[in-house]
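Per Swiss-Prot, the feature active site maps to 264, 455, 517; the stated evidence is sequence analysis. Look at Swiss-Prot and you will find 177-416, 311-325, 335-358, 342-351, 380-386 tagged as disulfide bond. The N-linked glycosylation site feature in Swiss-Prot is assigned to 208, 485, 491, 506; the stated evidence is sequence analysis. Here Swiss-Prot flags 1-17 as signal peptide.
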């Protein structure tokens, strides 16, 4: 859903196995820690002193962590549909073989990138079959035939003017959460009721844009693979291939402006995916902006703001007592030193300990309260992911008639895959400094960070802090810009204050009042308001010049 496992995993919470809670309180019994400590010593005695010290700190905090590393999930069961059931199959090898003559008279490939291993299968979804929306729809798979990876997508055309409206790629986070939960829980054309009926959403983001919902990385949602993807950079290659082949099949959409939006762990994904696209000079992807909602992008700057958000300094009453707040303060210096070590080396040997230690010491106190980490105003209901609607969505998407209508090939749909979550963490991906890619993107396009102000796990305080700390040529102007009221301007709620915004050049930060981790769920009118205005270019270097 949201990128929801974010919290789960985030919590330090490495799930030692499917039967365990994602977040576990630190074990205080020193005897329990003895065997893992010996294992660490035996296995990593060749590491330099700093890495060994980091792992010792982790084992002290989470004694059973070694058991979780050795867990290997089974591959998803699937039944591949014959080619005859698909309306179109786009062969990456054929696209890669196309050469054109440039303005300089030299021949070059029509589009860049290694595409020969990829195919795109496309199914025209009958709008009447599911009733999710009346607009034109396509679903299907991107196949990486070399690595046995199959990414599922679902495209909805704009309700307004699809021949001219922009195209948006939506990504949930986790890592390991399906973007179809974003579709049905947040910003898609319909939601799912308790009796598994579709309920029209007047605030869907396809009101004025065509939207692609992508289940990535593999083994998330309807996507599947015999292997796995466990870091953001590897996932970026797949997303570039999917977009390239999709726009090759549908050139009528390729000519439109294209934007990437997502939330939570998409704060990792989006800088990488956008940078991957821009790295190809010859491309058919007309990328114009990126939007990150309640994201995790710069942990070193964001982690110090967990304590203020949990302890009453983020605009809502405190969730934690004074002792818990003090424990977070006490643990912060060590946490930050470990994140700094990760930033310095970007190695799993330093980044994994930082993730485990900081998530348990800094996020753990909040999660052990039973409060919703995605909304400080509510308790957690419906299991680890805290939203009962997720169960309804999973039941709906597991229906045979739904799977058939979409061409889904897996035996079951799950909203979030905790194995993926764990794999990303143990590759060190969690704490890596993906914010370092953002300055290069700001130089090329508008960048928006928006944050619902009731979220704990990727809270607005931390997102505002890293936005203001980011070093790039326009840093001083952005840091000095004032937060101004954000109001509705073009409907019956005209004049209603929905948040605050600060912007300078191509960089914008928004605080959305009353929104949790998933702003479109909690504040649908506000989310469509800022989205429509963003797509029109209201906050950009061009509009402010």
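Count begins at 1; order follows the chain as displayed.
Every residue, even glycine, has its Cβ placed from backbone N, Cα and C.
Overlay of Swiss-Prot annotations on the structure.
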residue	record	Cβ contacts under 8 Å, 6 or more apart
208	N-linked glycosylation site	158, 159, 160, 161, 165, 532, 535
311	disulfide bond	318, 319, 320, 325, 328
335	disulfide bond	303, 354, 357, 358, 361, 362
342	disulfide bond	350, 351, 354, 428, 431, 432, 433
506	N-linked glycosylation site	442, 443, 445, 446, 447, 474, 540, 541
Near residue 455 (active site), meaning Cα within 10 Å, which of 177, 380, 416, 517 (recorded positions)?
517
Least crowded of the recorded positions 264, 491, counting other Cβ atoms within 10 Å of each Cβ, is 491
Name, in the order they occur in the sequence, the residues of the same chain whose CB lies under 8 A from the CB of residue 485 (N-linked glycosylation site) and which sit 6 or more residues away.
497, 499, 500, 501
Of the recorded positions 386, 416, 517, which one sits closest to residue 264 (active site) when you measure Cα to Cα?
517
Least buried of the disulfide-bonded residues 351, 358, 386, 416, going by other Cβ atoms within 10 Å?
386
Distance [Cα-Cα, Å, rounded] between residue 491 (N-linked glycosylation site) and residue 380 (disulfide bond)
34
Going by C-alpha positions, which of the recorded positions (177, 416, 517) is nearest residue 380 (disulfide bond)?
517
Here the 10 Å Cβ neighbour count for residue 177 (disulfide bond) comes out at 34
Per DSSP, three-state class assigned to residue 208 (N-linked glycosylation site):
coil
